[in-house]
Structures are given as structure tokens and as C-alpha cells.
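**Q** Features from TrEMBL:
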COMPBIAS  B:1-18  compositional bias 'Basic and acidic residues'
REGION    B:1-22  region 'Disordered'
DOMAIN    B:24-204  domain 'Nitrile hydratase alpha/Thiocyanate hydrolase gamma'
BINDING   B:CYS115, B:CYS118, B:SER119, B:CYS120  Fe(3+) binding site
Amino acid sequence: MNGGQDLGGMQGFGPIAPEPNEPRFHAPWEKRVFGLAMAMGATGTWNLDASRAARESLPPGEYLTSSYYAIWLKALERQVKAHGLATADELATGTVSAPAAPVKRVLEGTEVAPLFARGFPSDRPVAAPARFAVGERVRALTINPPGHTRLPRYVRGRPGLVEAVHGGFIFPDTNARLAGEAPQWLYTVRFSGRDLWGEAAEPGHTVSVNAFESYLEPIP
Amino acid sequence: MPHDHHDEHHDDHPHPHGSELSPMDLRVRALESVLVEKGYVDPAALDALIETYETKVGPHNGARVVARAWVDPGFRERLLADATPAMREIGVGGRGGEHMVVAANTPDEHNLVVCTLCSCYPWPVLGLPPVWYKSPPYRARAVIEPRAVLAEFGVALPEATRIRVWDSTAELRYMVLPMRPAGTEGLDEAALAALVTRDSMIGTGLPRAPGASS
């Protein structure tokens, strides 16, 4: 969706502001939210793409004025309620008043180290051959899906060059709405600064994005 | 105004009384209580997750990868060809780094990594990203004016050096392999790793010069 998360090329935010000796977390609640989001993700009730979709579906004004972990918190609360795992009243009071709903699994303390050291790969086999080859010119489609997508606005409609073919990967647009992994070929597509930003683009710069096959069309 | 400084940004000191917890602390405490009591979250898992990403996973891991690539040409070749198994050789990998790609800086080409859509940076090599990697100014500007962004960080590249920006829009995670600083011929791998900064591994900075204070 064309939400507050799709920031590439926006102007007016001012300077980048690194914080010297920045701590990993800025408040006790931030680390709890981080851990809760990871642990709830492990229940298998939703997936990473669905969590991204929940975060970016905050209204743009709210997204842009919320801190990073506040966005995580608001999304997690929404997900927990939407999946019937807790009620708004329970979240408001911190007191359980409704029965627990079943979840697929519960992450145990002893599982964290081995599972997270291994990771959660998202490559998947795709039966069909890749439609595009390295060196081929392609155009990113002009699309504006109302749901989750990973094709940023600033490349839509622009011509680019396929510079890598990565194999099959879970397609976020369907996976985010729990409609299946529907894996697709994933590419790296490189765009020139001039094609993205026009004549005033900084010279000699390119931007590469990872694009799923259905985001692209051939340039005849 | 990327951050909310009203009710979310509190110091990390423990408060002597529960009544002094911030509204955000109280809100998250309520959520945690409910999720734990309903059996969805094992408190031991929560503690293990926080401890892992607060204390164990950090840029020292990526620095080891870079230093190894500087001293071992075979490793460098494997790293640039297929980074994920190469990093596994020295025990680096996991959540947020399942599919790694490494881009090497050269005198002709400088690489810069950003996630314009959210916060996709490689945890196993960088640790959890700092706020500014995830904040609107960097995410907005890195793709449209990378040279200006670099200049703001004191990285002045020759006019002829091309800039390649990598926007992490899928589950591939990008790391920059910076150029080995001059004057480091006599340094061993551990001393080299100490020169590698987190920011040099996304391209917003360069490694420290030998002898410079850290």
C-alpha cells in the first residue's frame, strides 16, 4: 500500500541524526516489545510479511510520528486482537478475562538460541523457469496495490536492468494476508539515478532493488 | 519529526515505584502479562530473545567477516560469490541474515545499503540497527541523494567514484565490504577487525585508520 512506510525519495525530513553511543534499546518497554513481537511471531499465527503489513497500515501521520518500537507495539496489539488472542479490554487492563485461543506452537526458552542461530529461510522452490535473465531490460509495473507490497513507489514505471536472478522466494503480497507463500522468482533490478529522479539526479549513482517476477514486465 | 518524545522516550533507569512507570511501560506490561498468562509466550523465551539481541548479536560479528576477507583472498572470493555459506564458515549467520549478499567497495565504486520500506538490515553482522537506519531521513534520502548523505557523514568520495545504493526490498540482506585502510599491512586479523565500524558495513562510513582512537 502507498503508506507512510514507503519513504524512498521523500523530502523534507531534515538531516540524518545519529545518536552517539546509542543503546540497543531506549527504554525498558522497547526491549519487551521486541521480545514479544519475536515470540508471538514464533507462534505461527501470522508471519513476518503480515507483521510488516500491520505496521505499515497505521495511518501515515501516525506512522511517521511514532518511534520504531511504538510502531511495533501498535501493530502487535492490532494483530493480537484481530486474531482473537486477546481482547481490547484485556490489553487495557492487563488482566485476562477471556479464554486463551489455541496457537500452533509456543517458543520455549531453550529453543531461542538454536532456532535464531539457524534463522528462518524464505527461499522456496519454483517449478516454472525464470522469465527474465541477467542483462535483460525490464520495467517495474505501475501498480498501487491496496495491501502489502514490496515494490517501492519510486521505481514503479521505471526501466531497469536485471543484474541477478536469486531463485524462488516467498511472495510477500500474498503471504502478508495469509493467502499462501506463492513463491516467485526474485531478481535484483538496477535503476539509474537519472531514470528514477530525472535530469537533476546526482551523477553516477544507481539504485538496486529486489523485485519479484510479477512486479516486472519485459521492455521490448 | 520522526520520533515521539512525549510518552515513549524515557531513560533506562529503574524507577523506585511502580507508579512512576511511563504510560508506554504500563501499556507494554499489560500486553506482556496477558500474552504470558494466556500461554502464548514463555517468559524464558522472552528473556532469551532480549538477552541474545541486547548482548550477543552485534557488529563485532560483521567486523570478523570483513577482517577475514581482508587477510584471506579465498574467503573473500567465496564471500562475494555466495555470502551466506562463507559467513557460516566462521560461525556468523541466523535470523535476519538467512540470505546474505556482500558488495565490495573499490576505488571506482562505493556501496550504500538502505531499507526504504522498513528496517531490513543484516542482524547477524550488524546487530539490531540503530534508530537512524530505520528513521525517515535516512530511508528517504539514501536513494535520491546518496552523495549528499555520504558528505553529511564526512565521506567525501572522488567525483568519478560511482555510488551503488542497495534497497533491501525482499529477504536478501546486504553488507558492504569496505576497502582495507592503508597502513594496515602489519596488523593481524583481530587488530583489523577493531578498525571495522558498523556504519562502514552499510557504507555510510569508512573503517577507522590504524592508530585512530575508537
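For all residues, glycine too, the Cβ spot is worked out from N, Cα and C.
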**Q** Quick check: which same-chain residues outside B:CYS115, B:CYS118, B:SER119, B:CYS120 lie with their CB within 8 A of the centre of the Fe(3+) site CB atoms?
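**A** Filtered neighbour residues, in order: B:LEU117, B:TYR121, B:PRO129, B:LYS134, B:SER168.
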**Q** Mind pulling out which binding-site residues among B:CYS115, B:SER119, B:CYS120 sit under 8 Å from chain A, Cβ to Cβ?
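**A** It is B:SER119, listed by sequence.
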**Q** If one looks at the chain holding B:SER119 (Fe(3+) binding site), which residues at least 6 apart in sequence have a CB under 8 angstroms from its CB?
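**A** Result: B:PRO129, B:TYR133, B:LYS134.
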**Q** Indicate the candidate from B:CYS115, B:CYS118, B:CYS120 with the smallest number of other Cβ atoms within 10 Å of its Cβ, considering only these binding-site residues.
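**A** Lowest Cβ count within 10 Å among the binding-site residues (B:CYS115, B:CYS118, B:CYS120) is B:CYS118.
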**Q** Across the domain 'Nitrile hydratase alpha/Thiocyanate hydrolase gamma' (B:24-204), what does the pLDDT come to on average, as a whole number?
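**A** Within the domain 'Nitrile hydratase alpha/Thiocyanate hydrolase gamma' (B:24-204), the model's average pLDDT equals 97.
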